[in-house]
Amino acid sequence: MTTSVCLLGASGSVGESTLKVLRAHPEKFRLHSFSVHSNLEKAKEIQKEFSPDFICVSSDFADVGVLGNKLGRTQILYGESSLCELVREPEVEIVITAIVGSVGLRPTIAAITAGKRLGIANKETLVTSGPLIQSLIAKHNTKVVPVDSEHNALFQLLESLNPNSVEKIILTASGGAFRDLPVEQLSSVTKEQALHHPTWNMGPKITIDSNGMINKGLEVIEAHFLFNVPYDKIGVVIHPQSIAHGIVELKDGASFLYASYPDMIFPIAHSLFHPEPVPKVLRSYPAKDWGKLEFREPDFKRYPGLGLAFEAGKVGGTAPCIFNAANEAAVELFLKDEIRFIEIPDYIRETLDEIKIEFPLSLEEYEEADRIARETVRNLKARKVVSAC
């Protein structure tokens, strides 16, 4: 009996790695449905190979004529609202949320309330509305297994340890493409340089986030909500080799770390198979081949966005939501060559300073905070353009 999987964000790097796992285990999993934003050619390729029941094209500007309303046996749905329809399908058992950005929030909530098992790779969901998501997970008794490599590593470690023995959890980070660049040279970083990452092959937005360690800041906030750990018990270390993905420090002074070859198939396979063990070797990487492992504290002058994430997380309420939305809006400006790489955290800081922090009870209130933050970034940019004239 195969398990039916709904994959949101099939054309991205996490989506492609998920398809690798499904491809390797056809006896265990069936791709019931998937979504793409606008990559229609990729959708055709996946449909031809897996023949799912449904495809959702979430972009409002997609050319409906390319796929039509049906492709073979596969029904084609359009628009962001259809993402929620996909995850609510009765046959779906596991939902993998690999969509980047706050657009993943509503379908994630739909999966939780529909009682699906959730493999969560969309960190923005917990960052933007963590308290709300936590309450829904508890209310619906939803099984959530994180798909991010660091959170999945910590999930596996914490699952095997006595909670009373844990002192601190540590997220590892490669440090990105600019970890050894003199700080004074960060002001001249180009878009082409910022779109390169030394370890992971990812989409443009998450690559830029990673190179400024803002991505790690988002992961800190996500870890707080996933594991119910206070911020002063969450640490970050730079680990250039990207072999250790998570570390748990114990109260007796000992530590456990989770290590594997840096490949997303490990956390994805674990998320899909959990609580069963993954039945075969994904990629052997014995300790004798690791070489030297380095760990060092991050420099907050080099990575101001990481410090801002800790601050926003500790403030709580809508502060993490504003942090995330301001970052998304600032990265968009950077990708359009309208601001410099080092200005991204400046826009986040100024947006957090301008907006009053609220403590919402509803999804709509979080979404309003998100909207206001994006609008504030655009207004800040417009004011700076005027003042420069």
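The backbone N, Cα and C atoms fix where each Cβ goes, glycine too.
Per Swiss-Prot, these features apply:
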BINDING   S11, G12, S13, V14, N39, N122, E124, G203  NADPH binding site
BINDING   K123, S149, E150, S174, H197, S210, N215, K216, E219  1-deoxy-D-xylulose 5-phosphate binding site
BINDING   D148, E150, E219  Mn(2+) binding site
Candidate nearest V14 (NADPH binding site) in space, where candidates are the binding-site residues K123, D148, E150, H197, E219 and distance is Cα-Cα: D148
Where N39 (NADPH binding site) falls in three-state DSSP terms: coil
DSSP state at E124 (NADPH binding site), helix/strand/coil: helix
Rounded distance in angstrom between the Cα atoms of E219 (1-deoxy-D-xylulose 5-phosphate binding site) and D148 (Mn(2+) binding site): 9
Rounded inter-Cα distance in Å - E124 (NADPH binding site), D148 (Mn(2+) binding site): 12
Collapsed DSSP category at N215 (1-deoxy-D-xylulose 5-phosphate binding site): helix
Candidate with the highest Cβ count within 10 Å, taken from the binding-site residues K123, H197: K123
Binding-site residues: S13, N122 - member with fewest neighbouring CB atoms within 10 Å: S13
Same chain, 6+ residues apart, C-beta under 8 Å of the C-beta of G203 (NADPH binding site), given in sequence order: G12, S13, V100
Integer Å distance between the CA atoms belonging to K123 (1-deoxy-D-xylulose 5-phosphate binding site) and N39 (NADPH binding site): 22
Using Cα positions only, nearest of the binding-site residues to N122 (NADPH binding site) (D148, H197, N215): D148
Most Cβ neighbours inside 10 Å, all chains, among the binding-site residues D148, E219: E219
Among S11, N39, N215 [binding-site residues], residue with fewest other Cβ within 10 Å: N39
